[in-house]
Amino acid sequence: MNIILFGPPGAGKGTQAKKLVDFYGIPQISTGDILRANVREGTELGLAAKAYMDKGELVPDNVLIGIIKNRLNEEDCKKGFILDGYPRTVPQADALETILDEIDKPIDVVLNLEVPDEVLVERISGRLMCKCGASYHTIANPPKKDNICDICGGEVYQRDDDKAEAVQNRLDVYKKQTQPLINYYEEKGILVTLDGTKDINVVFEDIKAVLAKFA
């Protein structure tokens with residue numbers, strides 16, 4: 001089963017990807033992870049990517065798609081894969097389709113986790129962090145004492161990019177970027193939109209039901 005997973009920040013995409021990996025035994029392919037791995041290992045494409053990254057520039061699509069193609073050709077992808085964070089644009093989706101045709105691994109289904117903005121803003125802007133690594137949520141998992149970490153007694157804080165205004169900006173960027181891709185895969189008849197506001201386990205049961213139809 002070859003899957004693309006879409007979902008805005010805070011929709012629970014990472015949680016569902018992990019559940020898919022555990023249940024189906026197929027790898028989650030994160031473009032950020034494989035890019036860093038190629039740079040670290042000094043592969044030809046990794047060195048090409050590093051030249052752009054060192055200048056603070058975006059890695060061009062032709063380099064990125066080469067890295068993805070190599071990753072999808074690895075042994076652990078034989079039974080399927082979950083693509084997370086790619087494609088981000090319609091030209092990338094076209095390039096992906098070309099390489100998947102070449103290696104005979106077409107996308108079976110595109111899962112789109114949908115959650116209203118106000119719910120996402122509440123989920124993300126409620127996050128609190130501590131320098132010791134502990135994390136809290138003002139509603140779902142608040143510290144026992146206001147603004148004090150249960151574990152180390154340090155002060156908990158909100159990251160700047162988790163503040164409501166910053167979250168809304170991130171969501172606006174995501175929608176602007178992703179909507180053309182939603183339309184793209186909808187036209188191909190492989191897009192399934194799921195309600196991401198439900199309980200984590202219920203969402204996963206919904207995903208399994210969808211995948212059973214596409215298997």
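Backbone N, Cα and C define each Cβ position, glycine as well.
Same-site candidate for ATP binding, as annotated by Swiss-Prot with Gly10, Ala11, Gly12, Lys13, Gly14, Thr15, Arg127, Ser135, Tyr136, chosen from Lys69, Lys188, Lys198: Lys198.
Listed in chain order, the residues near the Zn(2+) site other than Cys130, Cys132, Cys149, Cys152 are Lys131, Gly133, Ala134, Asp150, Ile151, Gly153, Gly154, Val156, each with its Cβ within 8 Å of the site Cβ centroid. Of the residues the record lists as binding AMP, namely Thr31, Arg36, Glu57, Leu58, Val59, Gly85, Tyr86, Pro87, Arg88, Gln92, Arg159, Arg170, the two whose Cα atoms sit farthest apart are 31 Å from each other. Checked against Val59 (AMP binding site) by C-alpha proximity, the binding-site residues Gly12, Cys132, Tyr136, Cys149 yield Gly12 as the nearest.
If you measure from the Cα atom of Arg88 (AMP binding site) to that of Gly14 (ATP binding site), you get 17 Å.
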